[in-house]
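Colleague: I have a structure I would like to understand better, so I am pasting it below and will then ask my questions one at a time.
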């Protein structure tokens with residue numbers, strides 16, 4: 001199809017965006033399935049109120065990862081082949097994701113104390129089960145928490161039980177590395193606007209991809225209409 005400079009730029013952006021999106025979705029989906037079906041953790045999915053936050057967290061991870069993968073597949077297929085149907089499905093799914101992202105950001109802001117408490121409970125469940133079982137999937141989950149939040153275990157850098165999953169730091173910084181439950185609670189209690197901003201920033205990125213998709217669809221439609229009839 002004959003696309004102008006703007007159309008080509010949008011096409012390249014969508015291809016790169018969906019490749020990254022697919023990698024994120026695959027990582028989330030794979031980790032979720034690992035935690036769901038691992039011999040060390042699948043027993044948590046029996047009715048047990050002590051692991052309720054873990055079950056909810058893993059279920060969300062699997063569902064969100066699957067949706068992201070689906071969106072990325074339609075997006076890459078539509079962009080690479082300049083297929084209107086693929087791009088239409090992609091834009092619908094992307095719009096839904098953007099709305100959910102905005103709603104989640106507003107909810108996290110309005111109910112910041114409750115969200116922070118539930119996430120801290122989820123972390124402590126993962127921590128306790130990792131210390132007990134040593135499952136690699138739980139180690140990956142802890143590493144994600146520790147590196148993103150720059151914290152370590154339940155007592156900080158001196159928590160030797162999970163030291164392998166904590167971020168590598170200098171000597172002085174290691175001594176001041178905080179405990180993760182405290183960091184999680186403080187993040188949602190004192191920095192609720194920042195958390196909402198992260199959600200809204202992600203939603204803005206999705207909307208940018210949606211705009212590019214709309215421009216590309218218009219260009220493809222225009223090229224179809226201007227194509228010579230034989």
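The backbone N, Cα and C atoms fix where each Cβ goes, and this holds for glycine too.
Because TrEMBL annotations are produced automatically, they should be read as predictions rather than curated entries.
The disulfide bond feature in TrEMBL is assigned to 152-166. The transmembrane segment feature in TrEMBL is assigned to 12-34, 54-75, 87-110, 194-217.
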Colleague: Take a look at 12-34, 87-110, 194-217 and tell me which one has the most Cβ pairs under 8 Å to the transmembrane segment (54-75).
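Modeller: It is 12-34 that shares the most Cβ pairs under 8 Å with the transmembrane segment (54-75).
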Colleague: Residues with Cβ closer than 8 Å to the Cβ of residue 166 (disulfide bond), same chain and 6+ apart in sequence?
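Modeller: Residues satisfying the criterion: 146, 151, 152, 153, 157, 159, 177.
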Colleague: What residues elsewhere in the chain lie close to the transmembrane segment (12-34), defined as a C-beta under 8 angstroms and at least 6 residues from its ends?
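Modeller: Hits for the transmembrane segment (12-34): 58-59, 61-62, 64-69, 71-73, 75-76, 78-80, 136-137, 140-141, 209, 212-213, 216.
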Colleague: Mind giving me a neighbour count for residue 152 (disulfide bond)? Other Cβ atoms within 10 Å of its Cβ, every protein chain shown.
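Modeller: Excluding its own Cβ, residue 152 (disulfide bond) sees 26 Cβ atoms within 10 Å.
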